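Chemist: Mind looking over this structure? Questions follow.
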Amino acid sequence: MAKLLQLKQQGLPMAEINAIAQVPASEDKLSQAMTQLLMPPHPIDSQKWWALTTQRIEQLHQLAKDITQTMAQQSEYQQNQALTFLGLYLSSALFTATVTLWLGQKIIRNFMDKITKIANDMQQMAEDPKLNINIRVSGTDELARMARAMNRMISERQKANHALTRAAAVFDYSAEGIMVTDADNHIELVNPAFCNITGYTLEEVKGRSPSILSSSRHSQHFYTTMWESLQTEGKWEGEVWNKRKNGQVYPEYLAITVVRNEQGQIIQHIGLFMDISKRKQYEQDLWYQANFDALTGLPNRKLFNERLQHEIHVAQHDSRKLAILLIDLDQFKYINDVQGHATGDLLLKDVAKRLEGIAGKTDFIARIGGDEFVLILPRLTNELAIEHMATRIIETLGMPFDLNDREIQISASFGIGVYPEDGLDVSSLTRNTETAMYQAKDAGRNNFKYFTAGMNEAMFARMELEQRLRRAVAQNEFALHYQPIVDMQTGVVCSVEALIRWQDPDFGLIPPDQFIPLAEETGLIEPMGEWVLNQAMHDLRQWQKSGLKINVAINVSGRQCINTRGMGFDQVLQECFNRHHVNPRNVHIEITESMLMGDASHCLSTLESIRHLGSQIYIDDFGTGYSSLSYLKKFPISVIKIDRSFVENALESNANANLVKAIVMMGQSLEMELVAEGIETEAQWHFLRDLGCHFAQGYLISKPLPFDEITPLLHIKHTALLNHDYQDRCVNI
């Protein structure tokens, strides 16, 4: 109340005083009092004022009494409320404490469970390092953070374990040997590959020096350089020859790395090596294939050139000579074609063995071509050594070869070149020696020639001749001349021999002996031979159309009999017979005796096919091939032609005469007709006729003539013989 008066005296508005006092509206008396107080003052007199004052004081007393009573009630109410609140608080506190204790116990138990799980997982990992565990702890507290950290640690450990496992697998299963040594180079550890390669076990090498593997092939300087590299660069690698436990020396590729500590001191050496024996063998095989002939095992041209270069250098340094012998087998291609490549290969192998057998320790023998061999004589003291070696080669290769139960005889022609006279380098010396070899072939084979300065001119001439011969084949620059063959008892011309001539546009007529050997060597003899067959049969057909009854003898080379245009010779003959409408009985095929000395089975088959067609077979140049009587009986031969060399010398001595008699008797014993070639004198004619020779051919009768010139001669002889008793006999010759 006093406060209200005080507020009133301060002149505050009643609305604000009312807001401050906040008197409840339900208290009527107090409300009335407040209403009265809020009413504006009224002008009254003192008596009334006193009465009113007294009244109001009483009212105030009553109000105070009421307020006191109200306050007492309110106080009691508040006290009851406080007790109620205290009870509630104590109950809440007790509940909270209980819940807190329960939650705390649960949190602690959960915390302890996490710790226990982490501890158990760590214990399991300690007992089994390979165990893969992931600690599962949720939340963001320290334990969860610790669990995640431990999971990361476990993951890193697993990665490290995997790396160690891989490293261990590499160590254990690596094909390369691994050796670990300590700072003093004593072996600490080796892997299984080391044991497999060296033959040693870990127990046998542990604590020992790697020198136990030394093969003693390397010098001390080699190992000094190795250790210097390890000290300065920390590594070394290269090829080393080591020795296995069983004593076998083997090559290995070795890589050594040093391991240093934090102070830079070497604490270990790690050596990784692999056995490269197979690689070395492979390299050796490649080198062998590149430098040696696969068939004979002799060095090839490449290695020969290298060796000759070396020997020339040595000879130049020592001021001495050396010689090379370039050997070419005569008629090898014929043997190879007739008897097959397998037989040819066997022959080359045997030739190589024979040459190796006569070569000296310092000599070098190589095969540089199909049938070409070369021999280096590096330490010449005199040229007699060359002559001696050349003679031995001819004798050795002249001995028969027994190949697949067949006896084959060959010869060889070779050239000889001497350093420094015949060449100062590999190219010139080899080229000039080859020139000498071709000269030996041109001289008749089965001999040797030293190189001379004039041979180069001959070689260039030979090359030019070959080019012209190829042009002649392409442009048909050949012609046939015919030489008569007559009956020695009557002088009747029974047949003619077709002889090829080369009409060169620049050099004129070239005789056969100048180009036939070259044609044989170059293979041009095949198209030339086929041209001869066709031209001779064409001319024969012309004679037959004109009424002549005559035969023609055609020379055939060994190469023609083997293969022509991929056809058998009998097929080629049949084509020609059909093309020119010629009776095979009027065509005689002449072969050389040397053809019979080749592949007997193939030759017999070819000759049988020719005879089956109806043609007769002549042996030309008989007596030069050393064939025996029993050998000749195997073949379907009808006529033997005695070589001109025997006829020319028949009257010079009794020995020569007896030789011709023996040939005639051989032919007669085989019931074969005989033709004497090269008769130039009447004495030769009478001598051979008296021996019983049937037919003659030579300049005494007529030289070879071209078609236009011999045709009139044949007609004259034919006219004179129309009624002659020997006509039928001549037709069959």
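Glycine residues also receive a Cβ, built from the backbone N, Cα and C atoms like all the rest.
According to TrEMBL, the record shows the following:
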- 1-23: domain 'HTH merR-type' (DOMAIN)
- 109-162: domain 'HAMP' (DOMAIN)
- 236-288: domain 'PAC' (DOMAIN)
- 320-453: domain 'GGDEF' (DOMAIN)
- 462-718: domain 'EAL' (DOMAIN)
- 83-104: transmembrane segment (TRANSMEM)
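Set these features in their place in the structure for me.
Modeler: Residue counts for the domain 'GGDEF' (320-453) by DSSP state, with H, G and I taken as helix and E and B as strand, are 58 helix, 35 strand, 41 coil.
Across the domain 'EAL' (462-718), mean pLDDT in this model comes to 85.
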Chemist: Report the DSSP secondary-structure composition of the domain 'PAC' (236-288) as helix, strand and coil residue counts.
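Modeler: The domain 'PAC' (236-288) comes out at 12 helix, 30 strand, 11 coil.
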